[in-house]
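Have a look at the structure below before the remarks.
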Amino acid sequence: MTIMRKSHPLMKIVNHAFIDLPTPPNISGWWNFGSLLGLCLILQILTGLFLAMHYTSDTLTAFSSVTHICRDVNYGWLIRHMHANGASLFFICLYIHIGRGIYYGSYLYTETWNIGILLLLLTMATAFVGYVLPWGQMFFWGATVITNLLSAIPYIGQDLVEWIWGGFSVDKATLTRFFAFHFILPFIIAALAMVHLLFLHETGSNNPLGIPSDCGKVPFHPYYTTKDFLGAIMLLMLFLTLVLFFPDKLGDPDNYMPANSLNTPPHIKPEWYFLFAYAILRSIPNKLGGVVALALSILVLALLPYLHTSKQRSLSFRPLSQTLFWMLVADLLLLTWIGGQPVEPPFIIIGQVASALYFLILLLLMPMAGLIENKLLKW
């Protein structure tokens, strides 16, 4: 008689994805972040669901409904801070996951990689529309500035912005539709994550050496379920420390003031996880040029499979490319810092140099380094 998990139609799917899945025996802790992203998504959907039960998407009551959640709802303060800081945690895991994909050459699984880029764009869209909902001062002005960027699109720009706003400014209609988008998008992300896994399991996982590991694969359970469980516990410890001891550390003080369209904050900026893209946007003095650079800062990732010149897949044995990779990481941290600074010297020139370096490393220096390393190894 066959074991139920191998014969039952539903159990069979779970079995092939999480139990009997053949996995490389040498994947490191950097491979934990895929499962951690799944955990973050579940956490965000659950906390978001409970917040939606008490939130009202109306400009007159949105701010006070969030206050009501924190003051009057049982553990409302905890749910709210878990949801707000859960977004930061989500993006930390997401950026590490993408960084690991670049370092170990996982982008050569083109279908999986492209679905991943789509997931990144959807997650950024979800975070942006969710950011507006509490209707604080920076939330309101952030929404106004970022949506207004679409007016740079020739011919249809202004109409497109007014269509998104539902009027001539960010108002009740905007808040209502942003709430609707924020509610539905995580479920689309969850469905796409399934497709992401489906494509990954077609090819099997990559490994730190970047070489085929078909001859020595091990079952996913119990080896990697245990490893993922350990990663989840460590992540939750970090998360709860942030939520319970420093809940407002990553937020903006301006958001404790209700939105006021007559009073502009001195320095408008998005959440920390968008600052690198915001710095690239600001580094170009032209509005349309800035919007194009902003879009390319994410879409450039889609070119990586076609810019791979090395005969080796991973960066594990390529010191020149490793140096460039860590330069890219340092550059992104620099851009994140610059995005939070006012638009004045010396921050302007630092942002412009860092933005140019970001594209230069990805589009030119890393492919060149791959060719040089091939030459050095006489390949």
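The backbone N, Cα and C atoms fix where each Cβ goes, glycine too.
Straight from Swiss-Prot, the features:
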- His83, His182: heme b b562 binding site (BINDING)
- His97, His196: heme b b566 binding site (BINDING)
- His201: ubiquinone binding site (BINDING)
- 33-53: transmembrane segment (TRANSMEM)
- 77-98: transmembrane segment (TRANSMEM)
- 113-133: transmembrane segment (TRANSMEM)
- 178-198: transmembrane segment (TRANSMEM)
- 226-246: transmembrane segment (TRANSMEM)
- 288-308: transmembrane segment (TRANSMEM)
- 320-340: transmembrane segment (TRANSMEM)
- 347-367: transmembrane segment (TRANSMEM)
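Overlay of Swiss-Prot annotations on the structure.
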residue : record                   : Cβ neighbours (10 Å)
His83   : heme b b562 binding site : 21
His97   : heme b b566 binding site : 20
His182  : heme b b562 binding site : 21
His196  : heme b b566 binding site : 21
His201  : ubiquinone binding site  : 14
So, does the transmembrane segment (113-133) come close enough to the transmembrane segment (178-198) to give 3+ Cβ pairs below 8 Å, pairs being at least 6 apart in sequence? yes
May I ask whether the transmembrane segment (33-53) has at least three C-beta pairs under 8 Å with the transmembrane segment (226-246), counting pairs 6 or more apart in sequence? yes
What parts of the chain pack near the transmembrane segment (33-53), using Cβ distances under 8 Å and only residues at least 6 beyond its ends? 69, 79-80, 82-83, 86-87, 89-90, 93-94, 96-97, 100, 130, 182-183, 186-187, 189-190, 193, 228, 231-232, 235
Beyond a gap of at least 6 residues from its ends, the CB atoms lying under 8 Å from the transmembrane segment (113-133) belong to 48, 55, 57, 62, 87, 90-91, 94, 98, 101, 106-107, 139-140, 142-143, 146, 170, 174-175, 178-179, 181-182, 185-186, 188-189, 192-193, 195-196, 199, 270-271, 273-274, 298-299, 301-302, 304-305
His201 (ubiquinone binding site) to His83 (heme b b562 binding site), Cα to Cα, whole Å, comes out at 30
Remote residues contacting the transmembrane segment (77-98) - C-beta distance under 8 A, at least 6 residues beyond either end: 30, 33-34, 36-37, 40-41, 43-44, 47-48, 50-51, 66, 69-71, 116, 120, 123, 127, 130, 235, 238-239, 242-243, 247, 250-251, 271-273, 301
Just the number: how many Å between the Cα atoms of His83 (heme b b562 binding site) and His97 (heme b b566 binding site)? 21
